[in-house]
Amino acid sequence: MPTYKLIVGLGNLGKKYEKTRHNAGFMVLDRLASLFHLNFDKTNKLGDYLFIKEKAAILAKPATFMNNSGLFVKWLQDHFQIPLANIMIVHDEIAFDLGVIRLKMQGSANNHNGIKSVIRHLDTEQFNRLRFGIKSQNTSNILHEQVMSEFQNSELTKLEVAITKSVELLKRYIEGEELQRLMEYYHHG
């Protein structure tokens, strides 16, 4: 069995959540899958996953809802024997303005319940993340209301640019580019 890279987008299933800020991870993974001419289709009760065989990569979206995302990540890690260094979690980040993306190689959950679940199930903070900024000046200051709100029409251009940039970064990661180099390019470029 090849050593896979696992890229997991966090979000919540269902039409009700589809366009919310909290589903930024799903939005990025859907676009990344389409780049490789793939579509997510329920493959497991815990979530959906796809293989990019020629790149030894797995794309995944948990079906466990945000707060239990770690269940699926752990199942995938165990099932496909994926080293922690090859796990990349794509998630919304309320601390960053919409349009900002940042790689993080390890660390705390920063109050993100999906990341808390992944940390709990993997029993470590030692995994990679792509943090996708979703903060808006035009929505509620109440955290739950802000992350569960939909993107406004005035934000759609910024959203599109950020998704495109995220997909480009992840494609380069899948193709073997070093995380440090990607950090330097996308954090400053």
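A Cβ is built for glycine as well, from the same backbone N, Cα and C atoms used for every other residue.
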*For the tRNA site that Swiss-Prot assigns to Phe65, Asn67, Asn113, which of Tyr17, Tyr173 is also named?*
Tyr17
*Tell me, by DSSP, whether Asp92 (site 'Stabilizes the basic form of H active site to accept a proton') is helix, strand or coil?*
strand
*Does DSSP put His22 (active site, proton acceptor) in a helix, in a strand, or in coil?*
helix
*recorded positions (Asn12, Asn67, Asn113), the one with most neighbouring Cβ atoms at 10 Å*: Asn12
_I'd like to confirm something. Which of the recorded positions, Asn12, His22, Asp92, has a Cα closest to the Cα of Phe65 (tRNA binding site)?_
Asn12
*According to DSSP, which of helix, strand or coil covers Asn67 (tRNA binding site)?*
helix
